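According to TrEMBL, the disulfide bond annotation covers 30-47, 86-95. Per TrEMBL, domain 'EGF-like' is recorded for 21-57, 59-96.
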């Protein structure tokens, strides 16, 4: 580094009071649209990630690879969590359970604004399930 006004001005790739530490932003570039923010303490930087990514370099995506099974679709939530949108009569956190219905069962899909509901009728019993496969009426 170069000394200017009793302070070291570090070359690219170095940081710290004596320019003897690796610059976080140079050594570990932020991924997936993250922005590197320099700090005055070790490790002299960190990534500010877009809301769907996390980790030191914004490389963690809860849906990559998808944890959902049986053709389920992974949906990212704003808090870097996810839920599986299940298909084909599957349910469970990861769509790991297959629901078997008697031959007289019917399923109707209902859209209420942006919410998708399924109305399942088995005999005289009706169940309404939301898009995260949570029973909201039984």
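Cβ from N, Cα, C; glycine included.
Overlay of TrEMBL feature records on the structure.
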residue : record         : DSSP class
30      : disulfide bond : coil
47      : disulfide bond : strand
86      : disulfide bond : coil
95      : disulfide bond : coil
Exercise. What are the DSSP helix/strand/coil residue counts across the domain 'EGF-like' (21-57)?
Worked result: 4 helix, 9 strand, 24 coil
For this session: Measuring CB to CB from residue 47 (disulfide bond), give everything in the same chain under 8 Å that is also at least six residues away in sequence.
Result: 28, 30, 34, 35, 36, 37, 55, 56, 57, 58
Exercise. Near residue 86 (disulfide bond), how many other Cβ atoms are within 10 Å of its Cβ?
Worked result: 27
For this session: Report, as a single number, how many Cβ atoms besides its own are within 10 Å of the Cβ of residue 95 (disulfide bond).
Result: 23
Problem set entry | Neighbour tally for residue 30 (disulfide bond), based on other Cβ positions within 10 Å of its Cβ | 23
